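A short worksheet on the structure shown next.
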Amino acid sequence: MTSSRPDLSTSTATDSARVADVVTAMRAKRPLVQVITNFVSMDLAANLLNAAGASPAMVHDPQEAAEFAGLADAVVANIGTPSPRWADGMLAAASTAHDRGSCWVLDPVAVGATGYRHELAGRLLEHRPTVIRGNAGEILALAGISGASRGVDSAAGVDDVADRAAALAAELGCVVAVTGSSDLVTDGTRALIIDGGDPRAPMITALGCAATALVAACCAACDDPLYGAAGALAMITAGIGRAGARADGPGSLRWRLLDELSTLTADQVAAVTVRS
Amino acid sequence: MTSSRPDLSTSTATDSARVADVVTAMRAKRPLVQVITNFVSMDLAANLLNAAGASPAMVHDPQEAAEFAGLADAVVANIGTPSPRWADGMLAAASTAHDRGSCWVLDPVAVGATGYRHELAGRLLEHRPTVIRGNAGEILALAGISGASRGVDSAAGVDDVADRAAALAAELGCVVAVTGSSDLVTDGTRALIIDGGDPRAPMITALGCAATALVAACCAACDDPLYGAAGALAMITAGIGRAGARADGPGSLRWRLLDELSTLTADQVAAVTVRS
Amino acid sequence: MTSSRPDLSTSTATDSARVADVVTAMRAKRPLVQVITNFVSMDLAANLLNAAGASPAMVHDPQEAAEFAGLADAVVANIGTPSPRWADGMLAAASTAHDRGSCWVLDPVAVGATGYRHELAGRLLEHRPTVIRGNAGEILALAGISGASRGVDSAAGVDDVADRAAALAAELGCVVAVTGSSDLVTDGTRALIIDGGDPRAPMITALGCAATALVAACCAACDDPLYGAAGALAMITAGIGRAGARADGPGSLRWRLLDELSTLTADQVAAVTVRS
């Protein structure tokens, strides 16, 4: 397949306004998000959704995962602590979300680390996620699985990630969100880059997993998942930036983020730099 | 069956003093509470029990759940993230607690959401909980299961909840605790209402689940589960009220609650408004 | 077997310097630690490792536990919320770590409480842990399992724990770390005692479990697990001591500990009292 590298030009007021509108719409809807996630991220993902204005529900078992997906506004499948029974729940919920036409988001945690994660991610991709959210290494590993890349480049630069993320998005017909010191969101033809945050954010375990859950919430409240994903990441970027100004380390950065998200205004979200 | 609506008259100094005495007795006993709860609430439930002066133990697997229930002063069964193996552990522990005559508390999280939760709650009710703690929607859904009500009224008012909670308590021979902006505790003939707290408390995920665990701890330290449940809820109300005076959002409200619970005096608990 | 009670003489500058060197080496290596731990400790263990400068990975399922142990610098097996499937993952990872010659650490949570924990701990011991980290009651219970002691002495004094911990270490050919108001680390012939901390530390649920994970990280970065374990415990002692000076209770003590660990200097670690 051909690579459709997005054009990364200058920032526009329109993009910032659109991501802020997504946040407003998400809070107005208060979407019910079914979060099937790893054990480490449960607490933060649920509290971050609550603080941001969404409604989390951790419903994972095959006995009820598909039934609940029929009620939920969006579904998250996160493979951070996978096991066969949880995988069955993820697959059932993702399948239901796909069939209903509701948003579902894949978080391929450490997909390159073991054969089991590789195989599970491949099975989940068959249910066509609306958005995939990962770090650069995970997105490159996933591109290797999907065929858009030949493998994992652990030392890959940002340009290389942008290229492959766009190719992955185009191939799968989804949005790919790559988070790091800057965040990239692409659907294969369009791309948005979000700058900001705090250098200590990576010390908050599972912040990426919680971001994935907020991406699902925001995509449930707008028609364009490119801006849905960007809205969620801009919200976290704004919150972390404000929290970081007063935090002494990762412990205080975490609770200050929750405090900030609960009172963040649309103007504060719109102040985040969004480049397209 | 006939509805035995409790009489909600004016506050008495006696009730406040009794709930404060429960807290003092709980701390003196430092009860060992076996908490079989959902993955989201594990961290907060354990830390809240520790801060309040009880001793938590998360022991859930059928390999050891019943054996441990033979050692524990109280048992919690919370269906927030249910699965068949965990359900077997809950049923075994609840059965043991019932047979020993020790307190066990049911938290029917989102019981109305799926058929699996409905069925599991029904099986747990057969082991006769000492207390059921839920929000208004959960108590109404449970009343529907038990036969005391025909279904779930999502828009039900406080008066309606009080009526059905009392009927449910009378039918099952247990105490029903309904938490919300105010809390209601009833055994079918008596009722206590606890006022106070902080409007941001619902943004602390799993605070209700943690309250359930503290209800178990307090009931293990007194003879009357109506006052046991009220003591636990008054303790959380006092702690949240004091924490809220200095908190900037749900992140700081949570850790300040733990700080407050660890130093809360009996007088501070007695200052909570308890109406009967 | 004969008891090889360690000689507990006066403090030396050498010991303090060596434990500080361990911390420096750990941060330089940033070891990947596979933490198979209980549900209550997931959040704190991962965040504490991240704040301290290590890299946590919670990978537990038999589908991938052994494969991942082949990548990890160290492995933790913690039996706090055991079940048969998780036990299989622990055994597979411990076996792989042993065969590769990498460090693995056992945390025998509440091993004396149920027959299942007793049996599981016995099976894990067959894979020869590098370090065992527990509280006094757990180490005494484990000594009973191993044969070095006849049972659990719940009212055992520090001298008695030191004696039995040394005997257990000598019998198993490992390091035993006993944490409490002071910490003891012994390999059967040598011993180190670490003083300090904060009396409110026991109210932070799973702090001991998180300490176990940091012991694994530090042992992965030095050749002598006696000093590896002591380095981790000195780091937590220094962090808790500094956090405690400003904390109002267990809630703030926890996040302040994470903040302190993220900026702790080698000199601050070297200032902890280490007696040998």
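Each residue, glycine too, has its Cβ placed from N, Cα and C.
Note that TrEMBL annotation is computational and uncurated.
What you are looking at is a predicted structure, and each value in this text was computed from that prediction instead of being measured.
The substrate binding site annotation in TrEMBL covers B:MET58, B:ALA206. Its Cβ taken as reference, B:ALA206 (substrate binding site) is surrounded by 29 other Cβ atoms within 10 Å in the chains shown.
Per TrEMBL, the feature ATP binding site maps to B:ARG133, B:THR179. The Cβ of B:THR179 (ATP binding site) lies under 8 Å from the Cβ of B:ARG133, B:GLY134, B:ASN135, B:GLY208, B:ALA211, B:LEU233, each of which sits 6+ residues away along the same chain.
In sequence order, B:GLN34, B:VAL35, B:ILE36, B:THR37, B:MET42, B:ALA46 constitute the residues six or more apart from B:MET58 (substrate binding site) in its chain with CB-CB distances below 8 Å. Using a cut-off of under 8 A between C-beta atoms, none of the binding-site residues B:ARG133, B:THR179, B:ALA206 neighbours chain C.
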